[in-house]
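These features come from TrEMBL:
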type    : residues                                                                  : note
BINDING : A:F8, A:S9, A:G10, A:G11, A:Q12, A:D13, A:S14, A:T15, A:T16, A:C17, A:L18 : ATP binding site
BINDING : A:C188, A:C197, A:C200, A:C203                                            : Zn(2+) binding site
Protein chains: 2
Amino acid sequence: MEPTLVVFSGGQDSTTCLLQAIAERGAANVHTVTFAYGQRHKLEVELAEGLAKELGVASHKTITVDWYKDITHNALMDTDTPIAKEAGASCPNTFVDGRNALFLLTAAIYAKGLGIHDLTIGVSEADYSGYPDCREAFVKSMEQTLRLAMDWPFRILAPLQHLTKEQEWALADKLGRLDFVRTRTLTCYEGIPGDGCGKCPACRLRAAGLEAYLRGKGAR
Amino acid sequence: MEPTLVVFSGGQDSTTCLLQAIAERGAANVHTVTFAYGQRHKLEVELAEGLAKELGVASHKTITVDWYKDITHNALMDTDTPIAKEAGASCPNTFVDGRNALFLLTAAIYAKGLGIHDLTIGVSEADYSGYPDCREAFVKSMEQTLRLAMDWPFRILAPLQHLTKEQEWALADKLGRLDFVRTRTLTCYEGIPGDGCGKCPACRLRAAGLEAYLRGKGAR
């Protein structure tokens, strides 16, 4: 079984990816990497480390990117900026320029050192907030760029690419891990694990998907 | 005149690019970024800062990438590893996995914050040491990936892409800056500016190009 390195934040998306990778490959073939890049909540990084260990991954690494906050600005890293989507903007001000590219590139450099080809990331372009680096076109282009940059046959796996939040909850349920994802992960912009604050855009998207899934399941 | 951000190490290649950018656009439209990523010689970073200021660029920024040494290994960053090209290896052990991709991505994130579209980098695939991230195919793919990642019309300019070292010296001479590049830049793996140690692969490549250029010039 080929090993994979999962870009893991401890949120709903990457946790679902991690659980799926473990189900498919066994925890001994799954490695995780978490980025501390100045996001609002340091708790996110600690929570990710804790979940990775609890799930028994082969290795977990936290990489601190100190310079991010110094060269770009957004509401996710600047705690005095209210989260909003300005009129005419293509995506909310929580967009961190280049974030998924940086995660994938850094993960790829690290993976090559471990002899790993596969990178797993929880991006989705269904239900996404307009973030350009969640689109399949970006992921495909990034894969090609990584191969060329390092002469290494990387594969980027984005199993949630075309799943809505509702379908993502269905996947967690199919893996027998709906409650785990619901109660143990952190998606909320206010830094509250589980069901979160219930009010921020991330909580609303997550809750709407869960409700739709549970409603549909009840009806069946 | 469009501004450009030059990825600037203070070596022969990037200094020649910087001088050309200044000649074409004026120093007021040229910004520089230098990366401190754990390379053997900290002098390189200080030298780059000094040259950038002396040349009067619009802004200079040094970005420290702390984690590089922690996730990958090579003779450029590991001072106890002798520089060599192993039998059968496609490039010398000075290759830093993902370096040009990381420089370009980070520069792009920073450039977008400054409202800049153009990125200039001194990569060359002629006379190169087999580094995959110096090839034009990589640069083109990277440009496309950056555009998709950030929805921003980046252009990567690699004016040395197809120049040999000899042609690069000719370019410096044409800009009236041959002596400046020869005496003030740092290419040597041993950290000695100007003509360097004369023995390492970087010095030998640089010296051979200069000799060929001066010989050809003398013959004309």
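Glycine too: its Cβ is placed from the backbone N, Cα and C atoms.
Mapped onto this structure are the features recorded in TrEMBL.
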residue: A:F8; record: ATP binding site; Cβ contacts under 8 Å, 6 or more apart: A:S14, A:T15, A:C17, A:L18, A:T32, A:V33, A:T34, A:A48, A:L51, A:A52, A:H60
residue: A:G10; record: ATP binding site; Cβ contacts under 8 Å, 6 or more apart: A:T34, A:E44, A:V45, A:L47, A:A48, A:L51, A:T185, A:L186
residue: A:Q12; record: ATP binding site; Cβ contacts under 8 Å, 6 or more apart: A:K165, A:E168, A:V181, A:T185, A:T187, A:R206
residue: A:T16; record: ATP binding site; Cβ contacts under 8 Å, 6 or more apart: A:G122, A:L160, A:E168, A:L171, A:A172, A:L175, A:R177, A:V181
residue: A:C188; record: Zn(2+) binding site; Cβ contacts under 8 Å, 6 or more apart: A:G196, A:C197, A:C200, A:A202, A:C203
Could you find out if DSSP has A:C200 (Zn(2+) binding site) as helix, strand or coil?
coil
Which of A:L18, A:C197, A:C200, A:C203, the listed binding-site residues, has fewest other Cβ atoms within 10 Å:
A:C197
Listed in sequence order, residues not in A:F8, A:S9, A:G10, A:G11, A:Q12, A:D13, A:S14, A:T15, A:T16, A:C17, A:L18 with Cβ within 8 Å of the centre of the ATP site Cβ atoms:
A:V6, A:G122, A:T185
